[in-house]
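Participant: Just dropping this structure here.
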Protein chains: 2
Amino acid sequence: MSQIKRVAIVGGTHGNELTGVYLVKKFQQYPNLINRPSWETLLLLGNLKAIAQRKRYIDKDLNRCFSKENLQNSNFLNYEDTRAQEIKQILQPQNQPFVDVIIDLHSTTANMGLTLIFCDMHPFLLRLAAYLTSINSLVKVYINPQSKQGGFLRSVCELGFVIEVGAVAQNVLNAELFQQTEQLIYAILEYFTWYNQGHIPQINNNLTFYEYIGTIDYPRDEQGEIQAMIHPQVQFRDYEPLNPGEPIFRTFADTDILYEGVSTVYPIFINEAAYYEKGIAMHLTQKQQKIV
Amino acid sequence: MSQIKRVAIVGGTHGNELTGVYLVKKFQQYPNLINRPSWETLLLLGNLKAIAQRKRYIDKDLNRCFSKENLQNSNFLNYEDTRAQEIKQILQPQNQPFVDVIIDLHSTTANMGLTLIFCDMHPFLLRLAAYLTSINSLVKVYINPQSKQGGFLRSVCELGFVIEVGAVAQNVLNAELFQQTEQLIYAILEYFTWYNQGHIPQINNNLTFYEYIGTIDYPRDEQGEIQAMIHPQVQFRDYEPLNPGEPIFRTFADTDILYEGVSTVYPIFINEAAYYEKGIAMHLTQKQQKIV
């Protein structure tokens, strides 16, 4: 990639994640905040119907509809499949190249601060992350190669990534997190400007990141009903170490369930509201370092 | 009232407020936790369809459907109106008196700790509140006489009240708040036992409570779209004083909106997710004291 020519900033891929929705609306109202001379910025609200109804989605999770297969399927079955195809066309109008970058704005009830989620270890993204983590200690980096296959919006573009902010409740705007996210976006755009101008700042090039290992579900009975809650010692402790033998769940019968893994892990997405139905109580990650 | 004979504990009047839903499910599984010899306890899940769909409600807010007029209307228009009539019948089976007490379990994204919400200054409830606040500093008392007219479940019973716990996101179980709510329920049941036995403990009878003054909406444009967020200095500061001239909102244009009242107020329900659509950014209250 020689130059960044088009950047898409997307909010409301999930309709009840208001930080992204209102950041995009703010940028639409004050475009000078994100317009830069050396590229074109595209602002986009993802799941329009879900935003209007204050829901994550109408028929199915839009952020699982961007698989190649799905995007080529002409038998539209529901709103989100249709909307995913519309979004793809907006990101790549006929006879034009695809956008170079997608910044997909999400929020979570987990205490994940300002997390960058990447599908892979693309050197450009790793260096961007090293810069952002060096100027803001709230920034964390999560690499989840699984999400390359899952039909996520970020996966349709080589430099697609998510900014996942929390903890914030669904359908709530938290001004502090909103402003932190806004400042992070400006820092990203500044980095892109430097990149296009050919002079990236000197940074600490030792990047700490967290890599996907797997997910853990809540303990459930045969009917699928949950039998335990995230343990108080784990709640809001995203990115902190969880060691074998430490409590992970507290059952409704008031007993503790211990983590039975063989090594220390770093849970994230702990108690994300939208993941109960996906069978995910948390993601487990391993902490890594890399010179980028 | 000579004796308490029947107590109803209701969870899931709003389907996405999981603390109450799972406390009722826990008590259904372990009834000895709440059964007491001197009265009958009724356990009830309120909005069954909304609980199943992880939503606040299906067609309309169930907790606004309990007006006398609504309960006598035989032209059922939607699920919640029907369900409100069913619940009334469960609380008062034919030829039996109404339940003496309703404990309606709610949760909020506002930082309201363990709030008791009463419709009026019933002496029994005030003394109960004085006892509970004396043993647990997280317990707050909110008196909202407006809620007598609004069709709230708590209004159908002289000793109906809400336990409103937060901050917790919708569709999330927070184990710590869950356990605090559970312990509060046990303390309430213990108090009822003492009452029925005729010996209430000596308590500090000086009750601090917060009385409804009114509500404030978010600043909005002509289309009803919000133009500002709860100010970071106000967020999560439920029950703390807000003085005239102090910031209350932060606009998307990055300016502060100041509180223009004439006297100090104590906001609660600050940034409750479900109240955006009701046009409520917060309730304003005045702090009061009373010998009970």
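Cβ from N, Cα, C; glycine included.
Those TrEMBL annotations? Automatic predictions, nothing curated.
Pasting the feature list from TrEMBL:
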| type | residues | note |
| --- | --- | --- |
| ACT_SITE | B:Glu164 | active site, proton donor/acceptor |
| BINDING | B:His14, B:Glu17, B:His106 | Zn(2+) binding site |
| BINDING | B:Arg56, B:Asn63, B:Arg64, B:Glu164, B:Tyr275 | substrate binding site |
| DOMAIN | B:4-191 | domain 'Succinylglutamate desuccinylase/Aspartoacylase catalytic' |
| DOMAIN | B:206-287 | domain 'AstE/AspA barrel-sandwich hybrid' |
Participant: Report, in whole Å, the straight Cα-to-Cα distance of B:His106 (Zn(2+) binding site) from the residue listed as 'active site, proton donor/acceptor'.
Facilitator: 5
Participant: Look up B:Glu17 (Zn(2+) binding site) in the DSSP assignment and reduce it to helix, strand or coil.
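Facilitator: Going by the DSSP assignment, B:Glu17 (Zn(2+) binding site) belongs to neither helix nor strand, so it counts as coil.
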Participant: Taking just the CA atoms, what is the gap between B:Tyr275 (substrate binding site) and B:His14 (Zn(2+) binding site) in Å?
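Facilitator: Between the alpha carbons of B:Tyr275 (substrate binding site) and B:His14 (Zn(2+) binding site) there are 13 Å.
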Participant: Given the binding-site residues B:Arg64, B:His106, which one's Cβ is surrounded by the fewest other Cβ atoms within 10 Å?
Facilitator: B:Arg64
Participant: So if I draw a 10 Å sphere around the Cβ of B:Asn63 (substrate binding site), how many other Cβ atoms end up inside it?
Facilitator: 26
Participant: Taking only the residues in the domain 'AstE/AspA barrel-sandwich hybrid' (B:206-287), give me the average pLDDT of this model.
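Facilitator: Averaging the confidence scores along the domain 'AstE/AspA barrel-sandwich hybrid' (B:206-287) gives 97.
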Participant: To the nearest whole angstrom, what is the C-alpha distance linking B:His14 (Zn(2+) binding site) and B:Arg64 (substrate binding site)?
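Facilitator: That separation, Cα to Cα, works out to 11 Å.
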Participant: In DSSP terms, helix, strand or coil for B:His106 (Zn(2+) binding site)?
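Facilitator: Note: B:His106 (Zn(2+) binding site) is in a strand by DSSP.
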Participant: Tell me the Cα distance separating B:Glu17 (Zn(2+) binding site) from B:Arg56 (substrate binding site), rounded to the nearest angstrom.
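Facilitator: Computed Cα spacing between B:Arg56 (substrate binding site) and B:Glu17 (Zn(2+) binding site) is 7 Å.
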Participant: In the three-state scheme derived from DSSP, which category covers B:Arg64 (substrate binding site)?
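Facilitator: The residue in question, B:Arg64 (substrate binding site), is helix (DSSP, three-state).
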Participant: Give me the largest Cα to Cα distance among B:Arg56, B:Asn63, B:Arg64, B:Glu164, B:Tyr275, the residues the record lists as binding substrate, in Å as a whole number.
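Facilitator: Those residues reach a largest Cα separation of 16 Å.
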Participant: Just jot down the residues in the same chain as B:Glu17 (Zn(2+) binding site), at least 6 apart in sequence, with C-beta under 8 A of its C-beta; none if empty.
Facilitator: B:Gly11, B:Arg56, B:Leu105, B:His106, B:Ser107, B:Thr108, B:Gln170
Participant: Looking only at the domain 'AstE/AspA barrel-sandwich hybrid' (B:206-287), what are its DSSP counts of helix, strand and coil residues?
Facilitator: 3 helix, 35 strand, 44 coil
Participant: Among the binding-site residues B:His14, B:Arg56, which residue has the largest number of other Cβ atoms within 10 Å of its own Cβ?
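Facilitator: Per the Cβ count within 10 Å, the most buried is B:His14.
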Participant: Within 8 Å of the Cβ centroid of the Zn(2+) site residues B:His14, B:Glu17, B:His106, which other residues of the same chain have their Cβ?
Facilitator: B:Gly12, B:Thr13, B:Gly15, B:Asn16, B:Thr19, B:Gly20, B:Arg56, B:Asn63, B:Leu105, B:Ser107, B:Thr108
